[in-house]
Amino acid sequence: MSDKAKGNTEVLEKSGLSRRGFLGATAATGAAVAATALGGAVMSRETWAAAVKNPQSKIHVGPGELDTYYGFWSGGHQGEVRVMGVPSMREIIRIPVFNLDPATGYGLTNESKRVLGDGGKWMIGDCHHPHLSLTDGKHDGKYLFINDKACSRVARIRLDIMMTDKIVTVPNAQAVHGLRLQKVPYTKYVFCNAEFIIPHPNDGLNIALDSEDSFTVFNAIDAESMEVAFQVIVDGNLDNCDADYTGKYAASTCYNSEKALDLGGSMRNERDWVVVFNIPAIEKAIKDGKFVTLGDSKVPVVEGRKAKIGDTNTTRYIPVPKNPHGCNMSPDGKYFIAAGKLSPTCTIISTALLDELFAGKLKDERDVVVGEPELGLGPLHTTFDGRGNAYTTLFIDSQVVKWNIDEAVRFYNGEKVNYIKQKLDVHYQPGHNHATLTESSEADGQWLVVLSKFSKDRFLPVGPLHPENDQLIDISGDEMKLVHDGPAYAEPHDCTMARRDQIRPKKIWDRNDPYFAETVKLAEKDGINLETDNRIIRDGNKVRIYMVSMAPSYGINEFTVKQGDEVTITITNIDKIEDLTHGFCIVNQGVTMAIGPQQTSSITFKPEGVGVFWYYCNFFCHALHMEMNGRMIVEPA
Ligand code: CUK
Ligand code: CUA
Ligand code: CA
C-alpha cells in the first residue's frame, strides 16, 4: 500500500472504520474474499516503459498524425474544459467555461459576458462531469455539458465552435454535482444533482436542516433552451447520477441518507440508497398540476420523497451499501452500477426490473438488485468495454479492477464463479475512470483513462502542490496494460471520449453565427456593415469603434476618446483563412480578446488614465504581426 493509501486508512480508522472493518461490514462470503485476493497480472515497469519507447507502439502518434479519439477533460476548479487527443494524451486546446481566459478574452468580451450572465461576477468554477450529447444512444457531436459545483451552474459547449454558449444557474440548489444526459431518444434533458441540503426558503430565519422544509433537488435542464425544466425533491442528499437507454429512468446515488451534518453522522447507516427517477411519471405529475414552485423561481418542483410521493409515483429508493459514490449505466442498457465507496462492493441494479418496481409488483426495493460483487477497497466509479466487462476504480487500494458483470450476477445467484478478471495498480488513488465511448451504446473497449488523484513520485517535483496523474491503459486485449502517465492541473474529476469522426468542428466562423449575433444587431443599429466599415461613433460619453482586421493590420490605426468615456471596440476579422486568428490588446488597460477568421468580437471598457496607449495583435498572424498595431489616445476630460 502506498503511503497515501495508508494515510487514508488512518483517516478512516480515526472515524471508526478500519480496513478490516470495511470487509467485516459487509457479509462477504469466503469465495468473494478469495476472488478479491486473487488479483491479476500487473505489467512490470520495464514492460510498459519498453512498450512506450517503441515508436511502433499503439500509443505513439507521430508528427503529423492525428489521434483516433477526442477526449474532453473537466478542468476542475480551473472552471474550464480541456480538449485532449487520445491515445497521445496531448492537450489540444482549452475551452473556458466559468473562468477568465485572457487568451480568448472569455470573461471580458461582450459576447462571453452575455453567455456568463449574472455568474460573470464570480469567474470561478468547479467542473466535475463533462458529457457529450447523444441521439439514439450514440454521440451526435452537438454539445458538451458540464457542471459547476462551486456556483451551482450547468454550462453547454457548442462542439462546432468549441465554445461555451449557454450557462444556467440552478435555482433552489447548492452545489450542482453529478451530471449525466438523457441518451434515448436524444438528449432532451440534462440531469443533474444538487448535492447539499438547504432550507426552503433559505432566508436566514429558517436554518434547521433536519426539518421537512430542508431538502435538496434532482434537476432536469432542457438541453436546447438551457432552462430548468423541473426539479424533484428527494430524501437525503445527492451525489452522482446516470440515465438509462430507454429514456425513462435516471438514477442518483445518495451518501447522506442520514441527513447528518458531520462526517461520523453521514457514515452511521450501513446502507444509503440509489434514487431512481421515473421521468414520464414526473412529466405527468407536472401536466396534472401536481407541483409547487419555490421562492422566486418558476420551475415546477415535484415531490419525490418516499413518504410524500402519493400517487405521482415519481421515485423509488433502493438501499445500497454504504455512502455510495459513482452511478454508471452499462452500455448494453441492462444495469445501473452504484459504487460502494465505504463498502468494498458495487451494487448492480437491473433496469429490466424497474417497470415492475414502479408498478408495485416487487415485494422489496432490493429486489431490483441482481448482484453485489466484492471488488476491493474504496470503489468509486465504473466504466465499461462493451464486451461485458466493467472497470471499477478502487480509491483506497490504488487499483483498477476489471470484472465481468454477468459473472457477478451469476455469483449473486449462488454460482461459484470468479468474476474478477484483473487488478492493476495505478498511481495513485484513482477517482473516475473512463473507457472509450463507454457512455454510449458504441462502447468499443480500446482505451481506459484513469484519473488518479495523487501523482506523488510520478513526475519531476514541482513544490508542495502536485498535479494529478491521468493514466492511459490499453484495454483492447484480455489484459489491462498501463501505457502512459500524464499530469493534469487541479483538478479534473472526470473525462469523456468520442471517436474523432463523431466531432465535426468548423474551420472558420460562419458570419451568421449566433455567438456574436447580438453584436451584429447592435452594429446594424449604428448603420455599420461589419465586414467593410471602419468608423468611430460618439453617442454622449459612449464611444463605439468599429473596425475590421486583416493580416497584418487593423482597419483603424488611431482613435481618440475622452477621459471618462465608455468605449466599445468591435472588430471583425475579415480574413477567411483557416487558423488565422487575430488578437486585440490595449497596453496598460486590461483589454484583450481574440478574433477568429470571420468572427466579430467586442469589448467594452472605461480607459484608465490619459495619454497615448498602443494596441497590438497578440496572435501571431503574419510575418509583419509585430507591426500590426495602433494607438488609442485618451484626452483629459
Ligand atoms: S466525483 Cu470527483 S472522483 Cu465529483 Cu464524479 Cu468521483
Ligand atoms: Cu494579427 Cu497578429
Ligand atoms: Ca451514509
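Cβ from N, Cα, C; glycine included.
Per TrEMBL, transmembrane segment is recorded for 21-43. For His128, His177, the entry in TrEMBL reads Cu cation Z2 binding site. Among the features that TrEMBL reports, Cu cation Z3 binding site is placed at His129, His432. Per TrEMBL, the feature Cu cation Z1 binding site maps to His325, His381. Summarising the annotation, TrEMBL assigns Cu cation Z4 binding site to His493. Annotation comment: TrEMBL describes 541-637 as region 'COX2-like'.
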> If you skip the near sequence neighbours and keep only those at least six away, which residues in the chain come within under 8 angstroms of His129 (Cu cation Z3 binding site), Cβ to Cβ?
Replying inline: Ser74, Ile146, Asn147, His177, Gly178, Leu179, Arg180, Asn240, His493, Asp494
>> What does the structure give for the C-alpha distance between His128 (Cu cation Z2 binding site) and His432 (Cu cation Z3 binding site)? Integer Å is fine.
In response: 10
>> Measuring Cα to Cα, how far is His381 (Cu cation Z1 binding site) from His432 (Cu cation Z3 binding site) in Å?
In response: 5
>> Whole-number answer please: how many Å between the C-alpha atoms of His325 (Cu cation Z1 binding site) and His432 (Cu cation Z3 binding site)?
In response: 10
> Using DSSP, how many residues of the region 'COX2-like' (541-637) fall into helix, strand and coil, respectively?
Replying inline: 3 helix, 53 strand, 41 coil
>> For each of His325, His432, count the other CB atoms within 10 A of its CB; which of these binding-site residues has the top count?
In response: His432
> Over all shown protein chains, what is the count of other CB atoms within 10 A of the CB belonging to His381 (Cu cation Z1 binding site)?
Replying inline: 27
> Tell me, how many other CB atoms lie within 10 A of the CB of His128 (Cu cation Z2 binding site), whichever protein chain they belong to?
Replying inline: 23
